[in-house]
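Student: Features from Swiss-Prot:
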type	residues	note
TRANSMEM	33-53	transmembrane segment
TRANSMEM	77-98	transmembrane segment
BINDING	H83, H182	heme b b562 binding site
BINDING	H97, H196	heme b b566 binding site
TRANSMEM	113-133	transmembrane segment
TRANSMEM	178-198	transmembrane segment
BINDING	H201	ubiquinone binding site
TRANSMEM	226-246	transmembrane segment
TRANSMEM	288-308	transmembrane segment
TRANSMEM	320-340	transmembrane segment
TRANSMEM	347-367	transmembrane segment
Amino acid sequence: MTNLRKTHPLMKIINHSFIDLPAPSNISAWWNFGSLLGVCLIIQILTGFFLAMHYTSDTLTAFSSVAHICRDVNYGWLIRNLHANGASMFFMCLFLHVGRGIYYGSYLYKETWNIGVILLLTVMATAFVGYVLPWGQMSFWGATVITNLLSAIPYIGTTLAEWIWGGFAVDKATLTRFFAFHFILPFIVVALAIVHLLFLHETGSNNPSGINPDSDKIPFHPYYTIKDALGLVLLFLILLLLALFSPDSLGDPDNFSPANPLNTPPHIKPEWYFLFAYAILRSIPNKLGGVLALLASILILLIIPLLHTANQRSMKFRPVSQTLFWILAANLVTLTWIGGQPVEQPFIIIGQLASMLYFLLILVLMPLAGLFENYMLKPKW
């Protein structure tokens, strides 16, 4: 009798995706983040589902309902802390996953890469609307500042902003619709993640060498299931350490005060995972210019496959590109730091230089490095 795993229509899909999937024999721990992201998404959906049972999306009661969850609901404090810090873990894994894709040339699987960028944008949108829900000071003012950027769009901007708000400012209608968005978007993320996997399994995984691995494949189970399990243990360990010992360290103290439209916080800033883009937005004095730079900072990922000039796929054997890659990583850390600082010197000039360097590295220096490495590898005799 044939194995049910290989014949049953549903089991067959699972089998081809997670059990008998041929995987390169040399993929490193940098390939763990896909499965970690899947688990992060499941954690966020489950904890979010239980939070939604007790949350009320009304400006008068939203803040109190979150306090009620933490004080009166059984393990509500744990569910909320896991959800808030789970978002940070999600973005940490996302950034490392994208970084891995850039370093090892995984972006040359164009469909997988483009769906991945759409996924990144959708997760960012989900996190943004979610941050507004507790209706603290930073929630309210963050929502006001970011949605107000829409008004920079010529001609239709103001109408668009008021349409998103459901009124003339961020208010009850905005909170209600943001809760609706925050509930629906994760399921769209799940659908996109399935499409992402579908395209990935059309080509098979890339590997650190960047060389076609077809001649040396091994089954996903048990080799990579056990490897992913180790990654999951570390993920849970870090998440639990964060959620149990220091749950508020990544949040903003202003969010412990209920939203007050009459009192602006001294420094309005988003969560840490948006600070790099926020720094780029603030580095341009013009409002529309800032919005375009903000969009470009993420959408630039879509043109990375077009900027690949090297004869080798991976950066593993390309020291010049490696150096530029790590400068880019350090630059992103710098932008994250600047995004959290007040708008004054020397932070303004550092932010502007870091923003320039970000675009310069991706658009000019890295493609040039690829051409230079091609030249250096050519026989000179």
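A Cβ is built for glycine as well, from the same backbone N, Cα and C atoms used for every other residue.
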Student: Tell me if the transmembrane segment (347-367) touches the transmembrane segment (288-308). I count contact as 3 or more CB pairs below 8 A, with pairs 6 or more residues apart.
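Tutor: As far as Cβ distances go (cut-off 8 Å, pairs 6 or more apart), the transmembrane segment (288-308) and the transmembrane segment (347-367) touch.
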Student: Fewest other Cβ atoms within 10 Å: which of the binding-site residues H83, H97, H182, H196, H201 wins that one? Let me know.
Tutor: H201
Student: Measure from the Cα of H83 (heme b b562 binding site) to the Cα of every one of the binding-site residues H97, H196, H201, then give the nearest.
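Tutor: Looking at Cα distances from H83 (heme b b562 binding site), the smallest one goes to H97.
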Student: Can you name the far-off residues of the same chain, 6+ from the ends of the transmembrane segment (33-53), with a Cβ under 8 Å from a Cβ of it?
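Tutor: Tertiary neighbours of the transmembrane segment (33-53) are 69, 79-80, 82-83, 86-87, 89-90, 93-94, 96-97, 100, 130, 182-183, 186-187, 189-190, 193, 228, 231-232, 235, 239.
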Student: Between the stretches 77-98, 113-133, 226-246, 347-367, which wins on the count of C-beta pairs under 8 angstroms to the transmembrane segment (320-340)?
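Tutor: The listed stretch sharing the most Cβ pairs with the transmembrane segment (320-340) is 347-367.
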Student: Between H182 (heme b b562 binding site) and H196 (heme b b566 binding site), how many Å separate their Cα atoms?
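Tutor: Here the two Cα atoms are 21 Å apart.
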Student: Pop the Cα-Cα gap between the residue listed as 'ubiquinone binding site' and H97 (heme b b566 binding site) into the table, whole Å please.
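Tutor: Their Cα atoms are separated by 17 Å.
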Student: Considering only Cβ pairs under 8 Å, which range in 77-98, 178-198, 226-246 makes the most contacts with the transmembrane segment (113-133)?
Tutor: 178-198
Student: Take the transmembrane segment (178-198) and find every residue of the same chain, 6 or more past its ends, with a Cβ under 8 Å from one of its Cβ atoms.
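Tutor: Same-chain contacts beyond the flanks: 17, 37-38, 41, 44-45, 48, 52, 55, 57, 112, 115-116, 118-119, 122-123, 125-126, 129-130, 132-133, 143.
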